[in-house]
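Below: one structure, written as structure tokens.
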Amino acid sequence: MGALASHRVSDADFVAAIGVQWQHRPLAPEPGLAALLAQAQLDDGGKATVVQAVGMLVVDECVAHGYHSMDLVVLHPGTPGLDEALERFDKPHTHADDEVRYILEGEGLFGFFDAGGQERVLRVQPGDYLRIPAGVEHRFTLTATRRIKALRLFADTAGWVAQYTQRPAAAMEVPA
């Protein structure tokens, strides 16, 4: 357990040095919310319920950083076009606006690049909150579970258009 803890500390130092905010904010146990998050798929009403419940927890961040909207992204093996989307997400890129993810269920991998081109891969799991500042080079994929539910915060969806950097990158490896 000690090795994992020290690995996460070094990961935290790496991402902090490039401006990424990475915090662990476990959700308080709430039976109704837990039941929704346990479902593989959610209809629009289910998504709206999750956004309303979890959105209350991030109001301060919305005010502090000018985020005007939020939604819930739900990826699972049955998501139409999942493989094509993951292929796009996995290419190193930046955005004109911050990218904010609050992981509620499932897990994924974010790869972050420093100015020297070194990449650090982080596994994100429920309770992880990431704020990736505009211009930080990164990429994303799902783990073998191929499931994630994440609250997304944004100021302007146009700022989320990926600007691909053309950096060659090997397959992301799951950190130990």
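Yeah, the Cβs are placed from backbone N, Cα and C, and that goes for glycine too.
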Need a hand: Swiss-Prot gives H93, H95, E99 for Ni(2+), which of H24, H138 is also on that list?
H138
So how many other Cβ atoms are close to H95 (Ni(2+) binding site), meaning within 10 Å of its Cβ?
20
Long-range Cβ list for D98 (site 'May play a role in transmitting local conformational changes'), cut-off under 8 Å, min separation 6+ in sequence, same chain only, gives H65, Y67, R131, I132, P133, A134, L153, F154, A155, G159
For the recorded positions R101, H138, the one whose C-beta sees the most other C-beta atoms within 10 angstroms
H138
Reading the DSSP string in three states, the entry for H93 (Ni(2+) binding site) is strand
Rounded Cα distance, in Å, between H95 (Ni(2+) binding site) and R101 (site 'Important to generate the dianion') is 14
